[in-house]
Amino acid sequence: MISGILASPGIAFGTALLLKEDEIVINRKIINIKNITKEIERFFEGRRKSIQQLTEIKTKTKEKFGEKKESIFEGHIMLLEDEELEQEVISLIKEKNMSAAAATELIIEGQAKALEKLKDEYLKNRAIDVRDIGNRLLKNILNLNIIDLNNINNEVILIAKDLTPSETAQINLKYILGFITDLGSRTSHTSIMARSLEIPAIVGTGNITKIVKNNDFIILDSINNQILINPSHKLINQTEVIKKKYLTKKNQLINLKNLQAITTDGHAIKIGSNIGNVEDIKSAKKNGAECIGLYRTEFLFMGRNCLPDENEQFQAYKTIAELMKNKSVIIRTMDIGGDKDLPYMNLPKEENPFLGWRAIRISMDRKEILHTQLNAILRASAFGKIYILFPMIISVEEIRILKSEVRKLQIQLKNNNIPFDKNIKIGIMIETPASAIIAEYLIKEVDFFSIGTNDLTQYTLAVDRGNDLISHLYNPMNPSVLKLIQQVINVSHTHGKWTGMCGELAGDERATILLLGMGLDEFSMSSISIPKIKEIIRKTSFSSAKKLAQKALTLPTNREILNLVENFVNH
């Protein structure tokens with residue numbers, strides 16, 4: 001039996017798909033003249049397989065995204081069919097006695113470097129495509145295992161070292177029964193994705209990829225924190241009983257979906273859902289979300305080879321606004337960087353990406369990206385109750401610049417007779433100690449705050465939440481983090497405004513009563529967490545929650561705070 005960190009509740013039975021590709025090892029020795037024909041054949045066979053794979057991906061991309069995105073892979077296929085590429089590779093094999101793989105690598109890398117030297121930004125970015133195509137071609141020449149995430153077409157439990165946002169953006173998620181990873185934490189991307197999909201996940205197992213083999217039968221039990229590999233029929237039957245009880249309780253909680261989160265003494269709280277795409281709205285509604293407290297727009301930018309244009313973004317935002325039927329939808333501008341990469345943007349490799357060029361810093365430097373997104377949001381605001389949310393704000397100067405950009409775009413839309421909400425609300429993420437400390441200045445510039453506890457905790461405690469060596473130090477209920485949260489809430493209330501929370505702490509059952517007592521106005525979380533959080537709030541009095549929070553904020557350690565909360569809940 002293997003265990004890890006409980007990331008998303010549930011129980012799944014299924015076969016394992018191990019996301020572990022073979023490493024490319026190229027023989028750069030001079031080949032025997034007798035093997036030249038064989039190496040040329042290897043090149044042609046590798047190219048044939050690559051074209052076949054890309055043709056399948058192209059077809060599926062057209063079905064999913066339409067002809068515009070299909071053309072990207074058409075270009076990839078044309079590059080593979082290029083006669084010049086073929087002639088140059090064969091020439092190196094024949095004249096330099098190079099292996100097919102070594103010759104291909106040399107030509108592909110030469111093409112990529114030539115593109116990188118060009119001044120044209122679009123052409124420079126094509127170097128990424130060339131290397132991607134070359135990587136596929138090399139693996140097929142060497143007959144290595146290639147896992148095409150787009151081509152998963154049967155139900156599996158996905159096993160991986162870790163999963164990046166760009167990887168999960170490619171997966172046909174309807175076939176994923178659950179996630180198990182070597183690395184990760186409750187706030188890692190894989191965990192957040194699993195909760196969004198309402199599928200079980202256990203992360204941080206340490207070495208699951210070294211133990212599980214493809215097609216092993218797996219029981220993923222993230223209720224009792226156990227992973228069983230090729231279990232007996234007896235264990236399968238026992239776990240099915242546990243799953244049935246869990247689903248019964250889950251269905252009972254779903255009955256709360258149409259009820260408000262009101263305390264026993266009449267204090268109402270707004271409960272929202274965090275989403276990453278239009279498809280997540282179904283889960284949000286099913287679980288009783290009263291609003292969308294966070295729309296992570298960066299997922300619209302992932303799993304593709306180019307930036308989404310204004311109309312594509314507009315259609316996505318408009319659809320969500322209409323589906324929510326005049327309930328508020330908070331749209332956060334693109335939060336790329338840190339652990340979220342876009343290969344086609346050629347983001348620089350940084351020593352400390354979480355402290356580097358990310359989120360609003362990219363948008364402010366690349367105004368064309370910011371303007372395209374803001375225009376799409378403003379246009380969509382005519383179709384619902386949309387708010388704008390800017391991430392990673394650390395100064396008054398930043399928010400003033402951004403508000404100025406919004407005003408300029410509003411004037412342009414007005415001049416072109418394009419409708420938009422003239423009174424659209426603007427808020428900022430409080431996710432750095434800097435923004436929390438100067439909240440009294442920032443609140444004068446905006447309509448609301450949204451606290452991002454994942455990054456706020458990471459930056460306050462100087463703990464990389466993705467580093468397993470120090471993950472035990474990551475605790476959003478640390479006294480320092482709680483004091484910052486309380487300060488932010490108090491400042492907003494003093495100025496007659498409100499504060500929400502969209503970090504994972506908002507959906508943590510241990511923190512619900514504490515945050516309620518601290519005066520948090522809106523809780524936004526993975527949809528799967530909403531029914532349980534509603535139940536807790538509806539069973540609690542606001543007056544007793546306030547007393548609990550006041551006491552908790554006087555305690556000096558994580559353990560004392562947690563003990564206080566647990567004693568309150570159990571009595």
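Using N, Cα and C of the backbone, Cβ positions are placed for all residues, glycine too.
In Swiss-Prot, the phosphoenolpyruvate site is described by Arg332, Asn454, Asp455, Arg465, and among Arg296, Arg407, Arg510 the residue recorded at this site is Arg296. Among the residues Arg296, Arg332, Asn454, Asp455, Arg465 said to bind phosphoenolpyruvate, no two Cα atoms are farther apart than 22 Å.
Within the set of recorded positions His189, Glu431, Cys502, the entry lying nearest in space to Asp455 (phosphoenolpyruvate binding site) is Glu431 (CA atoms). Straight-line distance linking the Cα atoms of Arg332 (phosphoenolpyruvate binding site) and Cys502 (active site, proton donor), rounded to a whole number, equals 11 Å. Cys502 (active site, proton donor) is 17 Å away from Arg465 (phosphoenolpyruvate binding site) when you measure Cα to Cα. Each residue contributes its Cα atom, and for Cys502 (active site, proton donor) and Asn454 (phosphoenolpyruvate binding site) those atoms are 9 Å apart. Taking Glu431 (Mg(2+) binding site) as the reference point, the recorded positions whose C-alpha atoms are within 10 Å of its C-alpha, out of His189, Arg296, Asn454, are Asn454.
In the three-state DSSP classification, Glu431 (Mg(2+) binding site) falls within coil.
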